[in-house]
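Quick notes on the structure that follows.
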């Protein structure tokens with residue numbers, strides 16, 4: 001094999017430690033921007049019950065996270081969810097899972113670009129298209145630079161953000177004289193609750209950017225599972241705490257929930273300095289979340305390319321910067337998703353965020369159901385020894401399946417049609433690929 005071929009097929013080097021992975025994934029959650037976007041939308045749906053909906057969403061994510069915890073100890077290659085389905089279910093389902101993961105990770109990251117653009121353009125005299133361009137530009141530069149510079153940036157930025165979120169929650173609680181309300185005194189319908197849980201689960205689901213990076217993680221059988229649980233609990237509970245504190249303030253001062261502008265509320269009630277830090281956190285989140293999921297998208301494309309589901313050019317791996325062609329593909333997909341999202345709603349970034357984000361989280365549930373079945377099938381081989389894994393997989397399938405069906409029922413029909421179209425396109429693509437492979441094998445014979 002020539003040196004050029006060796007470089008083309010070079011395996012990723014394991015350079016990411018636990019600290020890097022935790023903060024990189026926490027950045028993928030974008031906790032504060034999630035509160036401003038997914039958290040606010042959950043509050044608009046469930047009202048004062050929103051903190052509980054977010055906790056239930058965190059439990060949903062934790063249940064699926066435990067499934068991924070188990071799978072990540074068995075599979076340590078780059079690719080994450082795609083790899084789990086490819087090696088434990090069937091190759092076709094592996095492709096379908098990888099396909100939908102690409103949809104999920106692209107739209108989830110794109111939703112944060114739109115959410116961050118909304119925050120910036122909402123409080124500053126900046127056109128949302130310019131805000132989108134800045135966020136995508138900075139994220140793309142970091143992604144091309146390699147995973148090590150990205151991880152260093154994520155550590156610093158995430159620590160600052162955790163501090164900001166904690167301070168804001170305490171300031172809101174102090175404004176009420178630490179008078180706490182009981183969220184269980186408020187009731188919502190099951191359909192609305194399911195949709196609120198869906199959006200609440202979108203906050204800690206940023207851990208989904210961890211597993212595609214497994215091939216570049218040191219001691220992955222220990223590091224990846226630990227990072228998954230840490231990120232889910234830290235991100236979900238911190239966001240729930242913030243939403244509770246905000247809801248407590250709104251209820252205490254009898255503010256109409258439908259008229260709440262959270263950014264203006266922070267500026268008016270907590271002061272200009274706090275508002276500046278909040279604006280920084282929101283802008284930083286857009287960059288970090290986009291960057292984190294760009295890396296995840298590129299590593300999934302890289303893994304699919306190594307199994308000949310995508311052109312071989314996407315499996316070319318540079319030891320310093322990673323799979324360059326796959327990163328370029330991820331950037332192009334993000335640009336398409338963001339531009340299409342904004343154009344479809346007349347350049348209204350928050351509405352675009354809602355639509356793009358909803359398709360993303362539906363796709364996320366589909367991917368996790370595939371992973372739940374992966375663990376279930378693997379565990380059946382030694383049923384008596386793996387009753388815990390089987391029970392966990394069945395519980396996750398039921399919980400996730402129920403939330404998926406309920407959320408589809410409460411979603412806008414056009415979004416459901418787009419989501420189903422993506423699934424159908426994935427199955428058609430898989431069939432075409434396998435038909436082509438079958439014809440090649442016949443010609444060889």
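Residue positions begin at 1 at the first shown residue.
From the backbone N, Cα and C atoms, a Cβ is placed for every residue, glycine too.
Any TrEMBL annotation is an automated prediction that lacks curation.
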Ranges in play 77-98, 99-120, with TrEMBL marking transmembrane segment at 99-120
Of the residue ranges 299-320, 387-408, which one carries the transmembrane segment annotation in TrEMBL?
387-408
Among 49-69, 126-146, 153-172, 272-296, the stretch with the most Cβ pairs under 8 Å to the transmembrane segment (184-207) is 49-69
The transmembrane segment (49-69) touching the transmembrane segment (153-172) per 3+ Cβ pairs under 8 Å rule
no
Sequence-distant contacts of the transmembrane segment (228-252), meaning Cβ under 8 Å and at least 6 residues beyond its ends, amount to 22, 25-26, 29, 31-32, 34-35, 39, 42-43, 47-48, 50-51, 54-55, 57-58, 61-62, 65-66, 68-69, 72, 162, 165-166, 168-170, 172-173, 175-176, 179-181, 183, 200, 203-204, 206-207, 210-211, 260, 262, 265, 269
Range from 21-43, 49-69, 99-120, 387-408, 414-434 with most C-beta pairs under 8 A to the transmembrane segment (324-343):
99-120
Rank 126-146, 355-375, 387-408 by Cβ pairs under 8 Å to the transmembrane segment (414-434) and hand me the top one.
355-375
